[in-house]
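Just below is one structure, and these are the notes that go with it.
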Amino acid sequence: AAKKRPWKCCDQAVCTRSIPPICRCMDQVFECPSTCKACGPSVGDPSRRVCQDQYV
């Protein structure tokens, strides 16, 4: 079973091949969730935000 993601919406997760995998959510949103510790601008669209936190 997949691990629970720390955010309500994370449709575009990118994970490393390490064991355990380290993942980041690449969803572009207008506002990061309150559980996000490091919210930054999207590279593709600076008006949107991407949570840069990683999770296992």
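Yeah, the Cβs are placed from backbone N, Cα and C, and that goes for glycine too.
The recorded disulfide partner of C36, taken from Swiss-Prot and restricted to C15, C23, C51, is C51. Not a single one of the disulfide-bonded residues C32, C36, C39, C51 has a C-alpha within 10 angstroms of the C-alpha of C15 (disulfide bond). Cα of C51 (disulfide bond) to Cα of C39 (disulfide bond): a distance of 4 Å.
Neighbour counts of Cβ atoms within 10 Å were compared for the disulfide-bonded residues C10, C15, C23, C32, C51, and the top value is held by C51.
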